[in-house]
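Under the heading signal peptide, Swiss-Prot lists 1-42. Here Swiss-Prot flags GLU79 as active site, proton donor. For CYS92-CYS166, the entry in Swiss-Prot reads disulfide bond. Swiss-Prot lists ASP97 with the feature active site, nucleophile, giving similarity to another entry as the kind of evidence.
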Amino acid sequence: MHMSNARPSKSRTKFLLAFLCFTLMASLFGATALFGPSKAAAASPDDNFSPETLQFLRNNTGLDGEQWNNIMKLINKPEQDDLNWIKYYGYCEDIEDERGYTIGLFGATTGGSRDTHPDGPDLFKAYDAAKGASNPSADGALKRLGINGKMKGSILEIKDSEKVFCGKIKKLQNDAAWRKAMWETFYNVYIRYSVEQARQRGFTSAVTIGSFVDTALNQGATGGSDTLQGLLARSGSSSNEKTFMKNFHAKRTLVVDTNKYNKPPNGKNRVKQWDTLVDMGKMNLKNVDSEIAQVTDWEMK
C-alpha cells in the first residue's frame, strides 16, 4: 500500500545523506578532483613520444609534440591508410616494389634493385648502438635479434622467410631502443635535410617541414629529379611561403604517382592533404583535429 506520509526507512535516509555529501564535495572540489582526470582529458599528443624523443624533436626542428603528431598522421594515411601511426614501429612487409622489406614508421627499406642505397641498414645500426654495442653495425643488430642475414655491399640481405623476419620486427613494436633508433634514423636520413631546406628559404612552419619530410621519405631526400632536392630546384625562389609551397606541390603532383612511389591516384591525394592545409591557412598544425580529419578523408586505392 502506498502511503505518501510514511517515514523514510533508515537505509533511504543514509542514502540521502550520502548523496547530499557527495553533491557538496562535487560542488566544492569539482568532479575531476573526486574521480581524477578522464582518459580523454589526460590524453596528449606528447604521450605518443618518449620524453627524450620529444625534446630531441623540439630542439632540432622547432616543432612540438602536437605538430609532430599531426605530421605523422598525414604521413601515415597514404602509407598505411590509418591515422594511428604509433602502431607501426613494428611494421614489416615486402610490398614487392623491388626495394626489399619495408619497415617501421617511415618505411625504411632493406634494399633491392630499385633501391641500392637503402636506409634500413642505418636503422639496424642505430638499434645496435641503442642496445649498447661498442662498435655498432647492422650485422650486429641482426645477430642480436637472431635474424639470418647480412650486409651485402650497401644492401641488407635477409635470408629468413618473410614470416620469420617480419615476425621478429613486429616484436620490436614496444622496444624502447627500437623506437629511439627509429626516430634517430628518421631524423638523420629525412628530417634534418627537410628542416635545413625549409629554414634556408626562411620557412619554419609545420606544414612546410612536414610536406618536405613526406616527400623525402616517399621519393628520396637527395639525388634524382624526383627527390625532395630535385623538386625544390624546380619550385622557384619565392620568399612567400604559401606561394612557394603551392609551386612545390604542383611540381610534386606531376611525379608522385610515377616510378612506384605510390599507386595512382593515392599520390595525388597524398600531396593534396598538405596543399589543402596551405589553402586553409593552417600552416602551424595546431588545434587542427577537424582539418586533419577532413584532408585525410579520402579512399586509398
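Cβ coordinates are placed from backbone N, Cα and C, and glycine is handled just like the others.
Features recorded in Swiss-Prot, as mapped to the structure shown.
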| residue | record | CB count, 10 Å |
| --- | --- | --- |
| GLU79 | active site, proton donor | 23 |
| CYS92 | disulfide bond | 19 |
| ASP97 | active site, nucleophile | 15 |
| CYS166 | disulfide bond | 20 |
Inter-residue C-alpha distance, GLU79 (active site, proton donor) and CYS92 (disulfide bond) (nearest angstrom): 12
Alpha-carbon spacing, the residue listed as 'active site, nucleophile' to CYS166 (disulfide bond), which is rounded to whole Å: 16
ASP97 (active site, nucleophile) - helix vs strand vs coil (DSSP): coil
DSSP-derived class (H/G/I helix, E/B strand, else coil) of CYS92 (disulfide bond): strand
